[in-house]
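Take a look at the structure below.
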């Protein structure tokens, strides 16, 4: 039996508390089961060197865990003096995912900094970060859009992420908690937009492999999970969700 | 007029949410006005090299801010690859302060790791960290004391901290918020135990000086502020506060 | 038209020079079009701390580029004092992939170090590294197996990798060179074993998305490309290939 | 009995050798008992970014020990690749202290670099550094003042520092040597200007506390010690001391 | 007997494969016995700060070994996060040597980056690097000279390097391989130009010394070895060698 | 004319103040013209890993400059977080030189740490460091030899170093000061033992070359300079010099 009595294709309880912090342009506390992540979006009025003069903006993400977000205490990366490979992989994933839906030309030469800080970890921190960060970024874009009087909201669609895997017993399971993740034969992170297309797909068999039909089954599970996550984002965003819906409608 | 309509010798609103996180042995979210700090205490079953074989324990503290805890975004210390002088100064202060009240011989060869992570900053983050960390450490010690069946609780007294300063107009003010702090002529951090004795006193005139009588006035303000903070700790600690009171009584 | 007059689903010319260096237990120079990578496998008689005493071995990979492997010179990571996120991502991928086919229990407490050094880069360096590293590791395992007189060769199957993507014009293309890769809408790396199952799947739309049917088309292209790569590995390995075939037969 | 037969409120022998080095604008070798520090002041014609365009100058201090300044050899901070928390704390203290008496507006956009290098350590190295650095800075300011033909000398008062503490036996002692410092229950560093006002007060009970009356007794001891140190600075400065006296007179 | 049946004053087999890589302006693979080094020369259109505005160019060299260039695997300097003293010493030597023959005024404000990457090591890697790098630099200069239509080729003479030493038995030996080098009493690296004058001489007795007459004998051996190396460079350079000969003739 | 009216083959004024510091086993302040270096020798009762269990000792040297030892202030290597190539080169040279005369077998598994800290720099800091460090090491060895009751003193000969060069006008000059060094065409450092044999020879033509006869002339100049330096060492060492003379006599 899975934690919280859920079935193999059920998400954990998800909650997004919008406008969680005072200073950032957008910020949320996202809770996915026992996983809790603070996602903050900050707008900076300049871009990295490779974009200067192009009129195009950028999104960059950073990810970290509090030392005691986990069962046993982790050494801070600032104390170690370097960022781990795992952290780099995750922050690159978050940044790439968000860049798929933000209209970087529209925002002009600005950088959106996304900070995902895991307060409590129980599996799925990278996908929770993406799901939460989307809301923070949308709020931050809304804040500038009020000043800029843009005619089109610069977000092309909703974006959310979840994990899916194959358990030791060979069953496809959705939204793995830490214990499930550490025992799974295959682990896959799926990032998807509102129209059901993929942004990222990262499937890994650690000392194991998976077939085409297993892949299909996992993708189906992820797709329905992400649909539910987007509904939760919609609620958290309130009116701002409507702005995104308008953009989606206009495109189709 | 000060923020929240308070008088020159008033504390801001203070709240301590105990048992804030799932994993650490002790953890709180302390709120002092708009300043919010997560303090977690972790117990590790070994000590730094200089204490091995002495039978004595240790407390070490780490302090950090989320990048967007502040008005403008700060670069992460993990990205910079080194911890700033300010951070080091603060974490050494937190560690030293707590060591004044924990009975390090009694806990044996264990290290208590104290992590203070500032979620939102508005002045007084180091003193809020000390006040909050005390509660987290007390909870963690209580947790081990249950296993160890100690006859005496290894905390010798309450411990809390606040800041006090002299404003541009020459007035002594208690518990400075960020704006007050950045304009003050003199800034002093005071760490005190339940019996009113000092653990740490750090007074600084940045491009200014202060007299003996001003010092006395600041210490009086700090003393009454700390008494109030200890009452708030007492409430947050519940029954664990009684254990500390018993130790204090036994000593006198 | 693609470089070397190839069709959209053709691999570039691939060559594996086995036993390229004098010192390593296994080493190859793999050439994929203009991409050239030296892959070396070294055996060390100990394992990382988390495996000590378990009787199980480990594989760890490192990846680097010569500064002038690329069109314009890159700063050395040793000069920068840190390894980039991209490098970390790649070396973690190479290590994980190889661990899927090496029988880590069978080799005992040994670490296989895999060094992939890109001499010349023209796209697909990470997948060329995996395809070449597999041969180097097989040779190194063969070298120890002669001393150890193992009854079963500790490689469970062949393993190779390639990239596949969707071009600006929406066409699925196999084995992207640098120019194709930098213009592609979607880029996917596929790592597969001899029996056609996946080890890793990493699909990314940088500022773009892809549908389920596009995914299927890309996977089909990758599958047939990897079959060809395994035939080239087989030739390079000579007699050692037979040992792998025997293991595969025994399993089925 | 204390070293050198001194009473509890006596300073050790103090000597300041002015113009110790050839290159710096100001430099001294200060000797306090067995503690010896070279203090050099260098003038640089630019300021840190946060002051550019403000017309205001800056003072920044660095502190280090030779590896064998101490009883047992210390590893160099350059070899360790990072500066310790203790060093950072000390250099921040030295810089802040000097900024309290130098008229940063008057000097214009210049940085005064203060380097305090401990040649031999026997307690009180940070306070000796401040006392010596004041003389080096005064000499350097004198050197520029000759070129600039300033009408007012940009030093507002004398500045010196000493330590004071409470011994194991509960006695207040002035100017602790290394052995006294390592056994003291309370240790306090006091930085004061010529008119008797405080610039910095850092009192610390390591695993101990102190009362208001003990604080007062320590401050009295420090005050009379600092008066003596200022007389020694006056002698070392010769005519330059007169320039400071004139400024002090004009203010009152 | 020495490896490859050579006499005490014989070089090992030396081969220089010119235009080894596709991207760099000049590149070679130099083989000296079992030592193999890839040398690449890159031209960058700017100079370090200390040369800006002087109209003068610069040459800077970097040196590294693949981890498994050696008998046992070396940890990458990028993983260690710092470059070793040995590496720094070697890259400074290569840079200084090349600067002796390149006309830095003539090339204008350009930097020539020289990358020497040891693929396989068996002694003499630093001297092989210099000998190979000279050819790569000559090719790169030739490439720009075609664009620039310089009347004089900006290389003043040939440049090559070898090692010489005194064996345990007291014999002078030329071009030491790894085993000879690790047992030699004295080890000397000699860098020389075509006219027989020295550019660098670095003689070291590790736990041993050498006399003036031994020095003379070693220098004679090195001189004749370097003459042979220059002939091999000449062959590799083809027509470009003629350009250097013309410059040498014009000078005399 | 050279500084201090000296002829082209004259040393500057040299003075060695023995037993300069209180804590180290051996320490001197060596003055060579305006160059001043503190050399300290510390004995540690263990050796680096590669010597453990061999019964043999080790000498390792570190070199640094105070930031304002030079005309303009240098950034501390501890602030930069890494040691420069120049520093590494120098400290390797000092260590190697001293290892040529210390009987590492005789001292057993001890490390002699040599710290050379340049207080004031005016050219020749590395050779002054070697000449001074020899005296500090001799004193430190004498100190242990008293405890150990060794029958033979573990120093095989005197050791000193100087620089020699070729000026712009083509003249051979001895013991170059900073200005001479920065203008010289050729610069050579020579380390020699008491019997006139070489330990190290490092000759460099920065953008210049030198002939065999110029080399000979430079070596002659260095030889007579070093003889004088050894006499100055002898005076500084007092009775300890006699112990070295006895060892030299016994060997011949």
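Yeah, the Cβs are placed from backbone N, Cα and C, and that goes for glycine too.
Those TrEMBL annotations? Automatic predictions, nothing curated.
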Please state which member of E:76, E:86 TrEMBL lists alongside E:124, E:125, E:126 for binding phosphate.
E:86
With a 10 Å radius around each C-beta, find which of these binding-site residues (E:86, E:126) has the fewest other C-beta atoms nearby.
E:86
Average the per-residue pLDDT over the domain 'Exoribonuclease phosphorolytic' (E:158-224) and send me the rounded value.
95
Would you count the other CB atoms within 10 A of the CB of residue E:124 (phosphate binding site), including those on all shown protein chains?
26
Determine the Cβ neighbour count for residue E:125 (phosphate binding site): the number of other Cβ atoms within 10 Å of its Cβ.
23
Where the record names E:86, E:124, E:125, E:126 as binding phosphate, the maximum Cα to Cα distance in Å:
13
I need the neighbours of the phosphate site defined by E:86, E:124, E:125, E:126. Which other residues of that chain put their C-beta within 8 angstroms of the C-beta centroid, in sequence order?
E:63, E:90, E:118, E:121, E:123, E:127, E:128, E:129
